[in-house]
Structures are given as structure tokens and as C-alpha cells.
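What TrEMBL records for this protein:
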type	residues	note
ACT_SITE	B:TYR140	active site, proton donor/acceptor
ACT_SITE	B:LYS170	active site, schiff-base intermediate with substrate
BINDING	B:THR49, B:VAL212	pyruvate binding site
Protein chains: 4
Amino acid sequence: MISHPITGLVAATHTPFHADGSLNLGMVEKQAAHLQHTGIAAAFIGGTTGESHSLSLDERKALTKRWMEVTAGSSLKVVVHVGANCLGDVAALAAQAQEVGADAISALAPSYFKPRSVASLVDCCVQITAAAPELPFFLYDIPSFTGISLSMPEFLTMGAERLPTLAGIKFTNPDGMMFQQCLYHSDSAFSILWGTDECLIAGLALGATGAVGSTYNFAAPIYQRIIRAFGENDFVTARAEQKRSVELVARLASVGYMGAAKSVMKILGVDVGPARLPHTNLDAAQEKALQADLEEMGLLSAEFRV
Amino acid sequence: MISHPITGLVAATHTPFHADGSLNLGMVEKQAAHLQHTGIAAAFIGGTTGESHSLSLDERKALTKRWMEVTAGSSLKVVVHVGANCLGDVAALAAQAQEVGADAISALAPSYFKPRSVASLVDCCVQITAAAPELPFFLYDIPSFTGISLSMPEFLTMGAERLPTLAGIKFTNPDGMMFQQCLYHSDSAFSILWGTDECLIAGLALGATGAVGSTYNFAAPIYQRIIRAFGENDFVTARAEQKRSVELVARLASVGYMGAAKSVMKILGVDVGPARLPHTNLDAAQEKALQADLEEMGLLSAEFRV
Amino acid sequence: MISHPITGLVAATHTPFHADGSLNLGMVEKQAAHLQHTGIAAAFIGGTTGESHSLSLDERKALTKRWMEVTAGSSLKVVVHVGANCLGDVAALAAQAQEVGADAISALAPSYFKPRSVASLVDCCVQITAAAPELPFFLYDIPSFTGISLSMPEFLTMGAERLPTLAGIKFTNPDGMMFQQCLYHSDSAFSILWGTDECLIAGLALGATGAVGSTYNFAAPIYQRIIRAFGENDFVTARAEQKRSVELVARLASVGYMGAAKSVMKILGVDVGPARLPHTNLDAAQEKALQADLEEMGLLSAEFRV
Amino acid sequence: MISHPITGLVAATHTPFHADGSLNLGMVEKQAAHLQHTGIAAAFIGGTTGESHSLSLDERKALTKRWMEVTAGSSLKVVVHVGANCLGDVAALAAQAQEVGADAISALAPSYFKPRSVASLVDCCVQITAAAPELPFFLYDIPSFTGISLSMPEFLTMGAERLPTLAGIKFTNPDGMMFQQCLYHSDSAFSILWGTDECLIAGLALGATGAVGSTYNFAAPIYQRIIRAFGENDFVTARAEQKRSVELVARLASVGYMGAAKSVMKILGVDVGPARLPHTNLDAAQEKALQADLEEMGLLSAEFRV
């Protein structure tokens with residue numbers, strides 16, 4: 001088993017596009033700077049927020065390459081999401097991640113054709129991890145998107161035997177009981193990253209020491225305060241900040257979360273462009289209304305900007 | 001709006017049966033005593049744990065009557081679950097609950113035929129609450145059983161206008177964001193009861209002040225310690241106790257939760273009999289193995305017994 | 001195994017209510033006459049169309065009693081649906097059905113608590129059939145409502161051993177492969193009743209000889225022509241009539257199927273009243289628009305009326 | 001609207017692999033010969049049976065190129081499935097299909113990120129069809145795999161306006177009512193290809209004139225007899241053959257359909273190799289048992305082989 005505790009906030013970054021939807025690698029530098037400015041520990045690139053499934057293999061490779069260039073020498077870690085339906089592509093992405101010096105890889109399972117058992121899921125992961133034998137591996141469990149609901153504790157048990165680089169799970173799953181079972185598995189040897197931003201305080205209470213999410217891209221100060229307040233047993237503050245996070249997520253979801261989230265980035269001065277189909281985007285009027293609301297919610301102040 | 005904050009632990013009680021499956025009202029007194037002995041604030045009777053849907057209307061009425069007799073003059077509150085598919089039956093149960101002096105009623109929505117909108121759900125609740133106009137009403141939201149996933153904040157908004165007795169929600173739903181939205185709704189006027197025992201600590205962190213669940217029947221000391229430790233900012237203890245709760249639930253679920261839970265009650269000396277079909281029950285060997293494991297887990301010590 | 005082939009069209013009848021939602025048994029006679037006038041072989045009473053889950057036990061008993069009185073001496077068979085969540089109630093309904101001379105009983109499985117295996121489903125059916133040992137029993141498989149998807153061929157295999165009165169299945173399930181597996185099971189010993197009105201022609205092609213459905217209440221002439229045309233290998237006519245059935249169902253579904261279907265009955269002169277909550281009903285304007293459309297679709301001509 | 005009626009049986013072909021899982025284009029010629037020998041009208045390549053989601057973009061292009069070479073000058077039509085999550089890849093595949101002279105393209109919707117409305121689905125299809133403006137386009141509707149359940153009649157309505165090349169739907173959906181609505185849409189202008197092999201007789205009864213499926217690869221003679229018998233109103237024969245098809249599918253599904261189906265091809269002398277992960281494959285003993293059963297079922301006789 002590989003030792004690789006990721007702690008703190010990990011931002012599941014957006015993939016930047018030009019207005020016409022083509023890849024805009026020129027924006028990565030600004031994204032990275034923004035994350036560092038707001039105290040983010042690591043960038044999780046090319047995941048669900050990164051629209052991985054809407055990217056070509058070449059685009060994913062170019063994205064990874066650019067992030068490694070931009071973060072070279074910085075303290076911002078990079079976790080490359082390599083998951084896809086085609087395991088051959090996944091292996092290629094994993095190998096590249098190792099080659100360019102990423103800190104870790106993560107992958108969700110193929111989900112058009114689904115592994116029907118934990119054993120089959122581990123078989124898939126064997127192919128993936130073999131291509132990056134030196135990088136810590138995080139399984140990415142996100143049943144609401146993949147439609148795959150397998151036992152994560154069983155995965156850890158079988159994975160501990162067959163996956164030498166298994167480091168943990170990106171746990172984007174509302175099942176708090178299973179979260180604890182993973183957290184305490186193998187004498188707490190694995191990093192189980194909390195994946196529900198709008199309940200970070202619940203994750204902290206359960207024992208999470210790291211969290212991955214998409215709102216950490218643009219609202220990290222809220223969560224930094226939650227973590228700090230939690231550490232000081234100040235639940236009044238922690239809950240008040242969490243409430244702001246809930247209101248933010250609800251506001252974005254009301255007009256289509258992904259497109260709205262990319263608009264927030266633009267409003268904050270980090271223009272990552274529109275989301276690709278089948279996601280929808282905000283029109284100008286919606287974006288203006290959003291900006292006004294964010295302003296009122298105090299989410300456009302200096303601490304949220306670079 | 002009715003003011004009726006239920007706080008503390010509410011046990012979703014089992015309905016006691018004889019070995020042949022017939023109602024065993026003689027056991028209610030022992031159940032009530034056991035709950036009081038372990039510091040439970042209220043009994044939620046005839047709910048999911050109470051196998052309400054496997055009871056006849058007459059059995060439900062007899063059960064309510066017996067609980068009110070047994071708890072007369074005691075500090076143990078009684079919340080009567082009156083939900084069913086037939087709203088006529090629900091109204092009859094609600095009226096009886098008021099007549100016999102229950103503290104509150106609760107109801108899940110009809111779920112064979114499902115309300116397709118919040119408005120339709122509220123229409124159902126109007127029929128229910130009209131039959132018990134003096135009792136606080138808690139909607140019982142449990143999507144995993146009913147297959148109904150409606151917005152609870154919207155329910156509260158519409159319910160605040162049309163349901164004079166609306167007091168809150170029994171929130172058996174893993175959606176922690178929606179939990180918070182309900183908690184803060186109408187300036188926190190409603191009681192939103194946390195419904196996930198195995199993550200009580202998460203609920204407390206989010207701000208829950210009351211919780212309903214089935215493991216509070218037989219493992220309340222664990223949860224009392226969680227609440228106390230949480231109040232003292234002692235997360236080491238709180239998490240250790242929550243871990244025990246997780247292990248207990250996992251152990252019971254491995255052999256069929258409901259039948260196993262009733263076996264635990266029997267092992268503790270409060271024999272509530274077998275579960276009715278379509279639930280399954282433990283055979284003698286399984287029950288013996290369970291007893292040994294509970295012993296080892298320290299769950300049969302004096303504090304867990306009357 | 002009991003021999004009881006039900007053939008032809010079986011109407012899943014509505015339960016008649018007064019305008020205030022109370023039971024209107026006075027309308028049963030007219031319903032029965034209407035069915036006989038349109039060549040229906042049997043009435044399936046108190047099922048999904050009959051809003052069984054919205055009826056009290058007493059109402060269901062009264063309904064059965066009334067149907068048996070009204071059909072005494074007639075050729076119209078009566079199949080009593082006795083399914084419910086509470087198996088005690090189910091047994092009571094089964095016993096009554098036998099006592100009053102019904103032709104057969106049918107039951108869906110408890111669905112709030114669900115049987116998790118075929119064996120558990122058969123256990124439930126043992127309780128049901130034991131209460132009416134002289135009546136043929138049809139399991140009612142309707143996964144879209146119950147959320148229970150078990151193998152019906154396996155049910156027949158196990159049921160053939162343990163359920164002496166098992167006669168077949170009311171197959172309201174779109175799985176045509178499983179339909180065939182049931183049809184050919186035990187050398188075609190069971191009656192597998194086709195449950196998808198809008199694809200009756202598909203059922204006939206696959207070999208169905210009986211069908212149960214709700215549109216047979218008000219549009220039987222369409223289906224009689226489908227059956228006749230199919231028998232004469234006249235697919236042009238059969239498909240044209242099936243197309244009308246599809247258009248009718250689509251029209252009703254567009255405004256809430258159940259309420260709309262009850263409006264159709266009223267328009268045809270058999271006023272079965274409104275549907276109970278959580279179903280919705282048509283307002284006056286919607287009903288008027290529906291009547292105009294039915295007129296245009298040729299569904300209000302003499303042959304559709306008593 | 002483009003006129004392109006595909007009629008008869010369309011085989012959803014397997015993608016051939018070597019034993020090590022790498023692409024084995026050398027086998028395509030034999031596959032094509034086998035299809036022609038058994039009277040198949042068209043090959044649907046790179047679809048669900050073709051494990052499209054487990055192939056890289058380059059592999060899909062190579063596969064298409066090879067199929068066009070092999071079928072050049074033959075009467076076997078080729079429909080190229082181009083669907084994928086990344087619409088950029090889809091457009092590239094569509095453009096290639098047109099360039100190399102395919103007869104038509106088909107695509108399922110992105111399904112990791114899902115279109116949430118018919119309008120969004122049509123937006124996706126606009127991107128796809130624009131890349132192959134001369135090729136007929138078939139939407140591929142397969143909710144059991146994609147988790148997308150949108151109204152196909154509404155898709156045809158909107159598609160008729162915005163997709164000049166829209167030719168029809170590969171309808172792998174058990175909803176026979178919706179099938180008819182599509183069949184009769186726009187005065188029956190679209191080809192709605194029946195997608196449920198094990199109920200082909202039902203599709204024929206409903207009016208299908210073309211069908212796409214995976215068992216047509218290895219059991220076409222069964223289906224040819226069904227079509228012939230249906231045309232002669234000989235339902236005894238048609239049903240008996242359909243029953244064989246059901247038994248075949250059930251046998252394969254009992255050991256994992258996809259791996260088993262590829263074993264059947266091998267047994268018939270067209271070795272398309274194993275299925276890729278996350279599919280599972282038969283071991284030697286399972287394959288031997290399958291061969292024995294197929295022998296007994298009469299599915300290895302001369303007419304099934306080249």
C-alpha cells in the first residue's frame with residue numbers, strides 16, 4: 001500500500017474553453033494562481049467538473065501537460081483524473097500522468113458498460129494502475145453519475161491485495177456510513193476524500209481530513225473558514241458559512257449547475273468559457289442576474305478574487 | 001405555525017408480535033420502560049421500524065391506544081405515525097391519536113400511488129392534518145422506501161401556508177444540503193429530525209437538535225455518549241462511538257436488518273417477536289451468532305438493558 | 001395446479017365514488033352492464049385502476065360484495081384483487097372472495113416492504129392462497145408500481161410446488177421475453193394475462209389468449225376489432241385500431257391518466273366519480289376539451305355506450 | 001427529411017479482438033461473409049454489441065475503414081455507430097463515415113453527462129449530423145444503457161425541423177406504445193428499427209419492417225423463419241422459432257451475455273475473440289458446456305455456419 005495522504009481542500013477544476021468550445025490552455029495559469037491564492041492544496045484535473053467525458057484523448061493529454069508545466073515548482077499538487085469508458089485510453093492517460101510527474105491519479109469506473117461486481121471493478125483498476133506503477137491511485141466513486149453502486153469497503157479489501165498503489169477514494173457519495181467504513185478500513189490507511197462540498201462540516205465531524213469538490217474553485221474562503229471554525233469548535237461560524245455554501249449551490253443549480261459554475265469563474269475574472277454539450281450555459285441575462293446575486297451574497301469580494 | 005420542538009433521541013419503536021405473528025400488546029410496557037431507562041425522549045410508534053404497512057387498521061389503533069395507556073403520566077412523549085396508502089385510514093388514525101392524547105402525529109405520503117408534485121403532497125397532508133387539528137404534524141420523508149423525491153424546502157414553503165399544524169419533518173433522507181435548507185427555513189421555525197443513526201455526529205454538526213431512528217431502541221447509550229461528547233467538543237470519543245454504531249448496523253444488515261434488530265431486542269430482554277413478511281427473520285443459529293458478536297462488541301452490558 | 005384459463009378481455013374496473021370521494025356502490029350495476037354490452041369476459045376489481053391502495057379494508061369488502069351481487073347469474077366473471085401491504089388484510093380479502101363466490105383472486109406483492117427474493121414472494125403467496133384454497137390465484141406483476149423486479153419464470157417454478165391454486169400471472173410488465181418464458185412454462189399450464197393494452201397486438205402475436213387492462217372499460221370495441229382482425233390475419237385493420245388505442249392513451253396520459261380515464265367513463269354515461277388523492281382529476285374545462293377530442297376520435301359512438 | 005428505409009435484419013456486429021484484447025481487423029472479412037451467408041441486410045458496426053465505449057477513437061476509425069473495404073461492392077450495407085460521450089469524437093467519426101462511403105450513421109446520446117431535454121438532445125444531434133451532411137442519421141435510443149428516457153415522438157418532431165438527415169431511430173426500448181408513435185410519426189416517414197430480438201414477432205405485428213440486434217450475428221436463420229412465417233400468417237412456426245430465440249438469449253445471459261455471445265461466434269467458426277473489461281468472458285469449461293447446449297438446441301447446424 002502506498003502512503004499518500006492528501007489533506008485539505010482539493011479543487012475539481014474546470015477545463016477552460018474558448019467561446020467556441022475549443023480548448024483554452026492559456027487559462028490554466030490563471031486557474032492555478034487563483035487556487036493558490038485561495039489556499040487550495042491540490043488541483044483535481046479532468047474530472048466531472050473538468051468535463052472529462054466531453055474531452056478527446058488528445059485534449060486530456062494536452063490539459064495534463066499544461067497543468068504540470070504551470071504548477072512546476074509550486075506547492076499546488078496535481079491529481080490527474082484518468083477515468084473513461086475505454087480502459088486503453090485510461091491506461092494511456094495514466095502513463096502520461098506518471099511521465100509528466102503528476103502527484104497522483106484517480107479514475108472512475110467505465111460506466112456505459114458497468115463492472116457488475118467488486119472483483120470486476122478491481123480488474124479494471126489493475127489495468128489502470130499497472131500503467132502508472134509509481135503514482136498513488138484514488139478510486140473515484142460517484143454513483144449518481146455512473147449508476148454503479150458497489151461496496152467501497154469491499155473494494156478496499158480486495159484492492160489492498162491487488163492494487164499496490166491504492167491510496168484512497170474520492171468519495172462523491174452521500175452514504176456517510178460507508179464513508180466511515182472506508183475511513184477506518186485497514187487501520188485508517190487510506191485517504192478517503194469527502195466529496196460533498198455543501199456538507200463539508202458533516203465530513204469534518206465524521207473525521208475527513210481532505211475534501212474534493214467543484215465549489216472550492218470559486219468559494220474556497222467559505223470552506224477555509226469552515227475548517228478553521230471547526231478546528232476551534234466554533235459551530236456558530238462553521239454552520240453560518242456552510243449555510244452560505246448551500247445557498248450558493250442552490251442558486252447555481254437553479255439555472256443548471258455546470259454552466260452556472262463556469263459563469264461564476266468568469267465573473268471572478270478567471271474565464272474558463274462555456275460548458276460543452278450536453279451541458280447548457282447561461283445566457284447574458286441569466287449571467288447578469290447571477291452576478292447581482294453573488295454580489296449580494298458577498299461572494300465577489302476581494303478574498304474570492306486573485 | 002405550531003410550536004413543537006422535539007429534541008433529543010426519538011426511538012422508532014418496533015411493533016411487538018407473539019411468535020405466531022399476532023400483536024403482543026403486553027410487551028409495550030417493557031418497551032416503554034426500556035426507552036426511559038436509556039434516556040429516550042419520545043417514542044415514534046407505528047412507523048417503518050414499527051412495520052406500519054404490515055399492520056391492519058385495527059392493529060394500529062390498538063397499538064396507539066396501548067402506548068398512550070402505558071405512557072400516561074410519564075415523561076416519554078409519543079409521536080404516532082399515521083401514514084398509509086389509504087388517506088381515509090390515515091385520517092382515522094390521526095383522529096384517534098388526537099383523541100387519546102398523543103403528543104404529535106407524523107405521516108409519510110401514499111407511495112403506491114405517488115403524489116407527483118409538492119402541491120399534491122400538500123393536498124394529501126391537508127386531509128391528514130384536518131383530522132387532528134390540535135396535534136403537531138411531522139411529514140415523514142423517506143425516499144428510499146417511498147420512491148418519492150420531492151423538494152422538502154418547497155414542501156415547507158407551501159405547507160407553512162396551508163397546514164396550520166405543520167411542526168417539522170422526520171428527515172430520513174441522506175441529502176444533507178436539503179436538511180440544512182429545511183433547518184433554516186422560515187427562520188428555523190421547524191423541527192427537522194435527523195433520520196440517519198449511523199451518521200448522528202454529522203447531523204449534530206449540521207445543527208440537528210433532534211433525531212429519530214431505530215437503533216435508538218437498543219443502543220441508545222452509544223448515541224447518548226455521542227451527543228455528550230459532541231457537546232464537549234470531544235470528537236475522539238464521539239467518532240469512536242459512532243464507529244461502534246456503524247459496526248452494529250453493518251452487522252445487523254448483513255443478515256437482514258429488520259429481523260436482526262428484533263432479535264437484538266429479544267436478546268436484551270424485550271422480546272418484540274419476529275418481523276412479519278415480507279421481512280425475514282434470523283434462525284436460531286443466526287441469533288446465537290449475533291448474540292456472541294453483540295457480547296464481544298460490548299453491546300449487552302448493563303447500560304443497554306433495563 | 002389449478003386449471004383456470006381466463007381468456008378474452010378482462011377489464012380492470014374503476015372503483016366508483018360519489019363526487020365527495022365516498023364509495024358509490026350504486027354505480028357497480030351500470031359498470032357491469034357496460035362491460036357485458038361491450039363483450040368483456042371478466043371484471044378485475046379493486047386493482048390498480050380500482051385504486052385499491054386508496055380504499056379501506058371495509059370499502060374493499062363492500063365493493064367485492066356488491067360486484068358479486070350484481071353479477072350473480074351473469075356470464076361476467078369476477079376476479080377480485082386482494083393485494084395490499086398488510087398480508088393479514090390480504091388474507092381477509094381472499095377469504096371473503098371465496099366466501100362470496102368470486103371466480104378467482106389476484107394479488108400483487110407487498111411493496112412498501114418488498115420481498116427480496118422469489119422465495120420470499122412465494123412465502124407471501126402461501127399466506128394469501130391459504131385463505132382461499134378453492135379459488136384460482138393470479139400473481140399480479142407490475143414492477144413500475146411496486147418497484148419489485150423478480151423473475152416470473154422462477155416464481156412459476158417455485159409456485160408450482162408450493163401454491164396449489166396458482167393459475168397464472170397478471171403480467172403488467174413490458175418484458176416480452178419474460179412473458180414468453182411464462183407462457184411456455186410447465187407446458188403452458190398457466191394463464192399469463194397480457195397487461196399492456198396499447199400493445200395488445202404484440203401480445204396476441206406472442207401468443208396471449210387473455211388480457212387485463214383499464215382501457216377495456218371504455219374502449220373495448222377497439223380491442224374486440226383488434227382481436228377479430230388478428231384472427232383473420234388482417235393486420236391493416238388490427239394496426240389501425242391499435243393506433244387509435246395508442247392515441248387514446250396518449251391523450252389521457254397528457255392530463256393525468258387516472259383522473260382522465262374516470263372522466264371518460266362519466267362522459268360515456270357511467271359516472272364512476274373522481275379519483276382519490278394522490279391522483280389528480282380533470283377540471284371542467286379539461287373535461288370538456290377531452291369530450292370534444294373523444295368525439296373527434298370516434299370514441300363516443302353508440303358501440304362505446306351501453 | 002432524408003429517405004432511407006432500412007428494412008430486414010441488421011446485425012449489430014461484434015468488434016473482433018485477438019486473444020490479448022487487441023483489435024483483430026483480419027476477422028472482419030469473415031464476419032461480413034457470415035452475415036451475407038445468413039441473409040443479413042446490413043451491418044451496424046461499433047455499437048453496444050461492438051463495445052464502442054471500450055474502443056479508442058483510432059480503433060473505431062480503423063474498424064470503420066476495414067468494414068468499408070471488406071464490403072466494397074457487396075450488397076451488405078454498413079451503418080456506422082458514431083455515438084460517444086465526447087461530441088468532438090462523434091463528429092470526427094461521422095465525418096470519416098461519410099468520407100469512406102458508409103450507408104448511414106447512428107449515434108446514442110452522451111450519457112455520462114446527459115441531455116436533460118429533447119431540445120438538448122437535438123442540439124447534440126445537430127453537431128453530429130453537421131459532420132456527415134450526406135448520410136442518413138439514426139438516433140440510437142437505448143435507455144437501459146444510457147439512463148436517458150426522453151420522448152422519441154417529441155424528438156422526431158423537433159428533429160424533423162432541425163436535422164435534415166434524420167432517417168429514423170434504432171429503437172432499443174421496450175416501450176411498444178412509443179414505438180408505434182414513432183412509426184406513425186410524420187406520416188410514417190421515418191425508419192424505426194425494432195431493437196428487441198427476443199420479441200421480433202411482436203415488432204412485426206406492430207408494423208416493424210426493419211430490426212437491429214446482436215443475435216442476428218449468429219442466429220439469423222431463426223429470425224428469417226420468423227419473418228417468413230409471419231408473412232404467411234403461420235404463427236405456430238413463428239412462435240416456435242421465437243421461443244428458440246428466447247431460450248438462446250436466456251442461456252447466454254445466464255453466464256454473462258456479451259462474453260457468451262462472443263463465444264458463440266467462435267464456436268461457429270468466426271472467432272471474434274474475448275470481450276473487453278468490464279465485460280466478463282467464459283472460461284474453457286463454460287464454453288464447452290455452452291457448445292454442448294447449442295448443439296442440443298440445433299443452433300450449430302450448417303445453416304448457422306458459413
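These residue numbers are counts, starting from 1, taken along the chain as shown.
Using the three backbone atoms N, Cα and C, a Cβ is placed for every residue, glycine included.
Unlike curated entries, TrEMBL annotations are predicted automatically.
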Chain D neighbours, filtered from recorded positions B:THR49, B:TYR140, B:LYS170, B:VAL212, Cβ-Cβ distance under 8 Å: none
For B:THR49 (pyruvate binding site), the number of other Cβ atoms found within 10 Å of its own Cβ: 25
Three-class DSSP secondary structure - B:LYS170 (active site, schiff-base intermediate with substrate): strand
Sequence-distant neighbours of B:TYR140 (active site, proton donor/acceptor) in its chain (C-beta under 8 A, six or more apart): B:GLY47, B:HIS81, B:GLY83, B:SER106, B:ALA107, B:LEU108, B:ILE169, B:LYS170, B:THR172
CB contacts for B:VAL212 (pyruvate binding site) [other CB atoms within 10 A, all chains]: 28
